[in-house]
Every structure is written in C-alpha cells, then in structure tokens.
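Copied from TrEMBL, the annotated features are:
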- 1-147: domain 'N-acetyltransferase' (DOMAIN)
- L71, V72, V73: acetyl-CoA 1 binding site (BINDING)
- 144-286: domain 'N-acetyltransferase' (DOMAIN)
- 222-224, 229-235, 261-266: acetyl-CoA 2 binding site (BINDING)
Amino acid sequence: MSEARLAESEIAEVVALVEAATAADGVVPLSEHALLRLRGGGHGLTIDAGGIVAYGHLDPAADGESASAELVVHPGHRRRGHGRALLRALRDEAGGPLRVWAHGDLPAAAALAGSEGLRRVRALFQMHRPAAGPLPEPAVAEGVRLRAFVPGQDEEAWLEVNRRAFADHPEQGSWTIEDVRLREGESWFDPAGFFLAERGGRLLGFHWTKIHPDGAGEVYVVGVDPDAQGLGLGRALTLAGLHHLRERGVPRIMLYVDESNVSAVRLYESLGFTRYAVDVMYGTES
Ligand SMILES: CC(C)(COP(=O)(O)OP(=O)(O)OC[C@H]1O[C@@H](n2cnc3c(N)ncnc32)[C@H](O)[C@@H]1OP(=O)(O)O)[C@@H](O)C(=O)NCCC(=O)NCCS
C-alpha cells in the first residue's frame with residue numbers, strides 16, 4: 001500500500017485500471033472530480049502487486065463535512081482482499097468518519113461495505129429522458145403566474161423559498177446569496193431558463209434549468225414552498241422548464257434526485273424520465 005503523489009506512468013496505469021473496471025462493470029468507478037484529481041497527479045492510495053491492482057481517492061474532512069472516498073479494484077484482481085485492505089487504509093488515512101461513494105450500486109460494493117460495517121446513507125439517482133416525445137403543456141392553478149427570474153431583484157425571495165422547500169435537504173436548503181451570485185456569474189446561467197411561480201406577488205416555487213457545455217439540458221433545481229405544495233406547481237414548473245430546454249434544441253434532459261425523495265422520483269417518472277445511473281453513499285457513522 002502506498003500513499004503518494006503519482007508518477008506519470010502510475011497515473012497511466014490507474015487510468016487503464018479505471019477503463020478495465022468501466023468495461024467490466026458497465027459504470028465508471030470514479031466521479032468526474034476524482035478522475036480530474038487523478039489526471040492532475042493528485043494524492044491517491046494504491047496497492048501494487050506486480051502492477052497497480054487497486055486505487056483509492058480520498059477527500060479529507062473539511063468545512064464540517066466528513067472525509068469522503070472512492071475506490072476501485074482491477075477486475076482481474078478481485079476477491080483477493082485488496083478492496084477490504086484499501087477501504088481500511090482509507091479509513092485510517094481519514095482518521096475519523098468516512099463517506100464512501102460507490103457508483104452503479106453494484107452488489108460487490110454493497111457486500112464489501114456491509115462486511116466492513118458501513119451502512120447505506122443515501123443514493124442519488126441520475127434520470128434521463130430524450131427532449132423529443134410527449135410533453136404536456138404546463139397547467140397552473142387559479143391566480144398563479146409563471147415568469148422568469150430577474151437577477152438583482154429575486155435573489156432574496158428565491159433563497160427563502162429554497163430554504164423552506166429544502167428544509168430536509170440541508171445541502172440545497174442552506175444556499176446563501178453567495179451561492180446564487182456564483183452561479184449567476186457562470187457562462188451557463190440564463191435567467192430565461194429560471195422559472196418562478198408566484199401568486200399575488202408572493203413567490204411559491206421555482207424551476208432552475210441548466211444547459212451543459214456538451215449540450216445536455218438539466219432540471220437543475222425544482223422547489224415548491226411547503227404552503228403551496230399539492231397545487232400541481234411542481235409538475236407545472238417542471239414542464240415549463242422542459243419546454244424551454246426543448247426549444248433551445250437540447251437532445252436530452254437529465255437530472256439528479258435523491259432516492260429518498262419518493263414524490264419527486266414519481267413526478268419525474270410520470271414526465272418520461274427513467275433511471276440512468278445511481279450513486280450510493282456508504283458511511284462509517286450516521
Ligand atoms: C467493490 C470492490 C472494491 C471489491 O474489491 P475486491 O478486492 O474484490 O474485494 P475483497 O476481495 O477485499 O472482498 C472483501 C469482501 O467484500 C465482499 N465481496 C466483494 N466482492 C463481492 C462479490 N462480487 N460478491 C459478493 N461479495 C463480495 C465479500 O464479503 C468479501 O469478503 P470474502 O472474499 O472474504 O467473502 C470491487 O468489486 C470494485 O472495484 N468494484 C467497482 C468499484 C466500486 O464499486 N467501488 C465502491 C466500493 S464501496
């Protein structure tokens with residue numbers, strides 16, 4: 001086991017390992033973030049057995065977030081204890097609570113995590129639908145108006161509805177004005193694709209869409225104030241954004257949704273989205 005900055009030849013070896021695992025498992029074992037760090041020669045844990053047979057990426061604990069890791073064993077070297085050894089080394093290195101992301105929800109990952117006493121904390125679905133195909137017109141409740149977000153005017157009201165809508169999802173619900181401003185400064189930001197629903201001047205819900213550099217559209221965030229839930233606003237706002245993305249010519253539309261968010265998953269399924277990928281987070285502590 002070694003933990004060091006990787007040499008060029010080692011990076012190439014790990015990239016080949018990742019490709020072999022992708023071919024064998026049908027899913028890329030590392031996130032985009034971990035791959036970028038790897039290609040940049042970032043720190044990684046490796047197991048060498050006549051060549052690199054396993055690789056682990058670790059993000060140390062920071063800003064109140066526990067450490068998080070991703071790991072992969074070469075498909076030709078599995079069931080020899082490398083995964084267990086690497087996971088234990090990552091835990092030692094983290095020195096405290098550890099979250100491990102497993103891409104694809106594979107049985108081997110579930111078995112290893114379970115046998116090491118990690119529990120499934122959450123799962124994130126990536127859902128897709130083609131832009132073409134049936135798409136009903138949005139229907140809004142009496143007195144509700146849909147309009148585009150106005151930068152410099154709507155931030156505070158939006159933050160309040162976002163906070164209320166995501167009270168149970170702190171990662172999203174705790175966004176600040178700074179988080180909004182950062183995104184307003186991004187090249188993809190387009191207020192015409194950021195829909196608000198209001199009644200009598202009060203903001204009730206929103207749908208923020210995004211178009212990725214590769215052309216894919218995304219249902220970025222949909223939120224409805226708890227006081228206004230049950231009026232069909234989530235469906236209407238989602239549809240308004242989907243029509244917008246289609247008019248912009250995107251070939252497909254994707255979104256991320258927490259597995260536990262049953263009502264949202266059901267809504268997206270009813271709008272033609274299907275499960276495309278799943279990432280599971282295992283944790284050493286609750
Ligand atoms: C998950 C993964 C890292 C396991 O690596 P590995 O080196 O084969 O695992 P180990 O040999 O250390 O196995 C440790 C234990 O995990 C369980 N396990 C591992 N693979 C398994 C499989 N295919 N089926 C059932 N149990 C399995 C067993 O309990 C095993 O102990 P045992 O061999 O004594 O029965 C590997 O399959 C992999 O790289 N998968 C793709 C990436 C991934 O999912 N990473 C997330 C890991 S949480």
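Glycine is no exception: its Cβ is also placed from the backbone N, Cα and C atoms.
Automated prediction, rather than curation, is the source of TrEMBL annotations.
Bear in mind that the values here come from a model prediction, so they are computed numbers and not experimental data.
Taking the features listed in TrEMBL, we show where each one sits on the structure.
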residue : record                    : contacts (Cβ under 8 Å, 6+ apart)
L71     : acetyl-CoA 1 binding site : P29, L45, A54, Y55, G56, H57, G83, L86, L87, L90, V100
V72     : acetyl-CoA 1 binding site : L17, V18, A21, P29, L30, A54, Y55, G56
V73     : acetyl-CoA 1 binding site : A21, V53, A54, H82, G83, L86
V222    : acetyl-CoA 2 binding site : G205, F206, H207, W208, G234, L237, T238, G241, A264
V224    : acetyl-CoA 2 binding site : V161, A165, A197, L204, G205, L233, G234, L237
G230    : acetyl-CoA 2 binding site : none
G232    : acetyl-CoA 2 binding site : A139, V140, A141
N261    : acetyl-CoA 2 binding site : H169
S263    : acetyl-CoA 2 binding site : none
V265    : acetyl-CoA 2 binding site : F125, M127, V257, E259
Where the C-beta lies under 6 angstroms from ligand 1, the matching binding-site residues among L71, V72, V73, V224, G230: L71, V72, V73
Residues within 8 Å of the L71, V72, V73 Cβ centre (excluding the acetyl-CoA 1 site residues themselves): A21, P29, A54, Y55, G56, E70, H74, H82, G83, L86
Per DSSP, three-state class assigned to G234 (acetyl-CoA 2 binding site): helix
Residue counts (helix, strand, coil, in that order) that DSSP gives for the domain 'N-acetyltransferase' (144-286): 53 helix, 46 strand, 44 coil
Other CB atoms within 10 A, centred on G234 (acetyl-CoA 2 binding site): 22
